[in-house]
Amino acid sequence: MESGKTASPKSMPKDAQMMAQILKDMGITEYEPRVINQMLEFAFRYVTTILDDAKIYSSHAKKATVDADDVRLAIQCRADQSFTSPPPRDFLLDIARQRNQTPLPLIKPYSGPRLPPDRYCLTAPNYRLKSLQKKASTSAGRITVPRLSVGSVTSRPSTPTLGTPTPQTMSVSTKVGTPMSLTGQRFTVQMPTSQSPAVKASIPATSAVQNVLINPSLIGSKNILITTNMMSSQNTANESSNALKRKREDDDDDDDDDDDYDNL
């Protein structure tokens, strides 16, 4: 810091000498030389602004010249805008005391970066994982129909002919207690066939249980109609007995013819 007395008063301009005198009157004795220039620039800018505002107020009041009242009004308006004093110390202490009464958030027990609560952070993931749904393979095997109650069985045998087996059509009407979704599934129904005790050992017997494949597209929500073609052992027995009877009748006729021939 250099003293203001180092520069000779005679070499300084009149405005600089006046500013140095103002600083001396305020008790400022040590300052840099450029402080005088900054203060002069500030004073020039401030005075110019005040006079411009005073001229505007005078023209608004329809006055011919700028008087002292206009200058006072301009200084008052500029002081309210530019020069604001800081708040009192007591006021600042009261605000600080109220702020310090708020407790700080608890420190997390685990180690790591000291971050605020999760709702204030942007570290949460903004996406969701979609679970892969495994589609059940319908062609893996056959499914047995559970809880099928057979209501009525009707048999309608057709008229048999010699030499050719006649298939028998059976319609089974069943009811399902609860509607089931059987789309795209195949299942097996086991049905016992009726066997007649008159079947001889020479006649090939059919299987006791036959498997019937049901197409799910033909199944309704309540009733199931099963139609199958199977060989009737009873019809086969009837055919064989009829053939034996006819053979015996033919033999009897031949014997009668022989007796008549002998009598002649």
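For all residues, glycine too, the Cβ spot is worked out from N, Cα and C.
Of the residues SER152, SER171, SER232, SER240, Swiss-Prot records the annotation phosphoserine for SER152.
When SER82, SER139, SER181, SER241 are looked up in Swiss-Prot, the one carrying the note phosphoserine is SER181; the rest have no such note there, which does not rule it out for them. Looking at the stretches 12-29, 120-137, 210-227, the one that Swiss-Prot records under the feature DNA-binding region is 120-137. Across the range of the DNA-binding region (120-137), the DSSP-based residue counts are 1 helix, 0 strand, 17 coil.
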